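Comments concern the structure below.
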Amino acid sequence: MLYLIGLGLSEKEISLKAFELLTKIDNIYLDTYTNYFDFDLLWLENSLNKKVSPLSREDIEKNPLFLETAKKEDVALLVSGDPLVATTHTDILLRANKKGIQTKVLHSSSIYSAIAETGLHIYRFGKTASIPYPEENFFPRSFYDVTIENKERNLHTMLLLDVKKEKNLFMNPKEAIDILKRLDENNNIKDIVVISRISHENQRIIYGDMEELAKFEKEFYGPPPHTLVIPAELHFAEEEYLLTLAEIYKNSKNK
Ligand SMILES: C[S@@+](CC[C@H](N)C(=O)[O-])C[C@H]1O[C@@H](n2cnc3c(N)ncnc32)[C@H](O)[C@@H]1O
């Protein structure tokens, strides 16, 4: 049996159900590449008195030995956030299924629900997109087109930032805003909400004009993970919440 288990957004957000299950499983692996992984799993290893083995993208996608083990024994693959949100893990379930391995998913907290801490109404979000690192001869823009399509439908856009674990690269808001500015020739984007390390002790929610936020260096935003939201026209309740609870960087504080 293969169990895909969500760790949630920070330490100790794993469900009690999943924790109890892990006490009975000896093959425990960790996906290290779909998110910036900064929380300590020692507490989990110590509480279970078991080892959690890290797996790289290659171990999971190209050479999934853990699936061979799952043919004979129970295997748990731990994933940050919810295991099926914004990751490629439905593919693992399909591959396991084709090998005749039974699977079960244990869900957990995710950036998709935690984003509601911005006060933006969750049902007003349109399609999510990711901002990838530009490459030598390729400057991706599909996330920008998604943002504009959502804006035209008066929907918010959640923009996830690129994670290139193999190269130890985790996009910061400064890089993301610079990329957005390059594409936004017609000044369609006015406001941005930056959500950093949500569910961690040092979480931050920043709301401001893109021009104002672009002035800050990456150090201002602190360590990853970060997500950007390009809001649609704000409902008065959303605006009141943001203006009351976020850090604000706007030209006119009355806006
Ligand atoms: C590939 S997605 C994985 C999402 C994860 N499975 C989940 O359910 O939350 C990784 C991206 O989600 C966003 N993210 C994840 N955790 C976050 C957090 N605690 N605060 C802000 N953004 C986060 C970042 O943009 C990060 O690059």
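Every residue, even glycine, has its Cβ placed from backbone N, Cα and C.
Sequence annotations record features per position, and here TrEMBL assigns domain 'Tetrapyrrole methylase' to 1-214.
All chains included, 24 other C-beta atoms sit within 10 angstroms of the C-beta of Asp82 (S-adenosyl-L-methionine binding site). What TrEMBL lists as S-adenosyl-L-methionine binding site is Leu9, Asp82, Val85, Ser110, Ile111, Leu161, His226.
Each of the binding-site residues Leu9, Val85, Ile111, Leu161 was scored by the other Cβ atoms within 10 Å of its Cβ; the lowest score goes to Val85.
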